[in-house]
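Annotated features, as they stand in TrEMBL:
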type	residues	note
BINDING	Q107, K123, T222, L223, W224, L225, E294, D309	ATP binding site
BINDING	D142, D309	Mn(2+) binding site
DOMAIN	191-313	domain 'FAM20 C-terminal'
ACT_SITE	D289	active site
DOMAIN	314-378	domain 'FAM20 C-terminal'
Amino acid sequence: MKLKQRVVLLAILLVIFIFTKVFLIDNLDTSAANREDQRAFHRMMAGLRVELVPKLDHTLQSPWEIAAQWVVPREVYPEETPELGAIMHAMATKKIIKADVGYKGTQLKALLILEGGQKVVFKPKRYNRDYVVEGEPYAGYDRHNAEVAAFHLDRILGFRRAPLVVGRFVNLRTEIKPVATEQLLSTFLTVGNNTCFYGKCYYCRETEPACADGDTMEGSVTLWLPDVWPLQKHRHPWGRTYREGKLARWEYDESYCDAVKKTSPYDSGPRLLDIIDTAVFDYLIGNADRHHYESFQDDEGASMLILLDNAKSIRVSTWNRLNYLKNGVLKSALQSATAHDPISPVLSEPHLDAAEQRLLSVLATVKQCTDQFGPDAVLVEDRMPLSHL
């Protein structure tokens, strides 16, 4: 073989070697990432069932102190939460020492302070479990049981961005009225033999109160985030206009997505991927009304999008988790996670079936995108270290 031929052959072999090595490394990295996703999923499933226990035997800290220490820029609670049952038990049972009207918003709620000084938001029961709200996706009152289910869905998806929520029964006559502020107390009334209140909010009306069964009211309590983590509100880039006949820009402008990607805080950091995660989360729970969202203040786009009052690319880890949840796993996981809640059963069979159908729709939509544009254009690897952590 002539020297020139040898050089050409060696060059070809070198190119093949380099491409093979790169391909193997990429696949090894992908396989390792997928295996870690599988391990994380199995850890989540193993620890999904939460029993509400009254004591924290291994620490002198209060439940409220532990929950406050959990909060960091990218999660409200950690992956491993052996104290979760005790904290939720405290939320469901601790004495109410003060009750006031809820913070500003459109829906009825009450702000409670529990023994130990912990704030929680109480949302009252408005509908029976099997009631179907007709009309627009954002029609009707907030469902208290949806708050409970959404928190556990956040755990199941591995987001860990929703504040802790648990169901609770309260006696309006003996637990709330004696410690209520004048502002809240003035909204109480009696309908038949039932104690009711209508609170203060944008849509709150004396003609549309929430009523207890006698004096006992079922509801949900959401743990207030620590005051050291003040929140900042942002307009959702894909929110609706709330004006009849007026479309939002994203509904008619094909270039809108590209414009968003060039705008802070969506042009760098994890915020845009958080928006996509939240879109999946909202679709699964049937929330069509996230017109704003919250993050921690002065975060420069680095902190998570917080899932309160519960496109283009999707995280690989989110895509993997959604695939692990198909074939009835999501339904089973939600049933297991909420089995020990005080207001169990939290979801009816139609609700669980609807979540399953929505999951299939999400998977089909993302699959359509990967088929059309390729997985590299649709799925984003998100396990790289982030500078803000």
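Every residue, even glycine, has its Cβ placed from backbone N, Cα and C.
Keep in mind that this is a model prediction, so the values were computed, not measured.
With DSSP states grouped into helix (H, G, I), strand (E, B) and coil, the domain 'FAM20 C-terminal' (191-313) comes out at 24 helix, 27 strand, 72 coil. For the residue listed as 'active site', the nearest neighbour among the binding-site residues D142, T222, L223, L225, judged by Cα separation, is D142.
Long-range Cβ neighbours of W224 (ATP binding site) (same chain, at least 6 residues apart, Cβ-Cβ under 8 Å): Q118, K119, V120, V121, P163. The domain 'FAM20 C-terminal' (314-378): residue composition by secondary structure is 48 helix, 2 strand, 15 coil, according to DSSP. Listed binding-site residues: Q107, T222; maximum Cβ neighbour count within 10 Å falls on T222. Looking just at the domain 'FAM20 C-terminal' (191-313), the mean pLDDT is 86. Taking D142 (Mn(2+) binding site) as the reference point, the binding-site residues whose C-alpha atoms are within 10 Å of its C-alpha, out of Q107, K123, T222, L223, L225, E294, are Q107, K123.
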